[in-house]
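J.: Pasting the feature list from TrEMBL:
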BINDING   Cys16, Cys18, Cys37, Cys40  Zn(2+) binding site
Amino acid sequence: MKQGIHPKYETITANCSCGNKIEVGSTLCKDISLDVCSACHPFFTGKQKIVDTGGRVDRFRKRFGARSSKK
């Protein structure tokens, strides 16, 4: 491996908006701030909201009905 061509790799701190701090390795070499992390993201916390799309399907069927398909 050639010397002096690779960027410096350091441990930095990623600060989340929820207050969680994560130490990661990066070539950025400065601390970063995150909007969401695994501690506050709904997928990981289990506090997901289920979106009901039934209204959209009914509106589509009402608008286009049972049109015949070309075979």
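Placement of Cβ uses the backbone N, Cα and C atoms for every residue, glycine included.
Surface or core, plus neighbours and distances: that's what I need for these features.
T.: DSSP classifies Cys40 (Zn(2+) binding site) as coil under the three-state reduction. Cβ neighbours of Cys40 (Zn(2+) binding site) (same chain, under 8 Å, six or more residues apart in sequence): Cys16, Ser17, Cys18, Asn20.
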J.: Using a 10 Å cut-off, grab the number of neighbouring Cβ atoms around the Cβ of Cys18 (Zn(2+) binding site), all chains included.
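T.: That number is 12.
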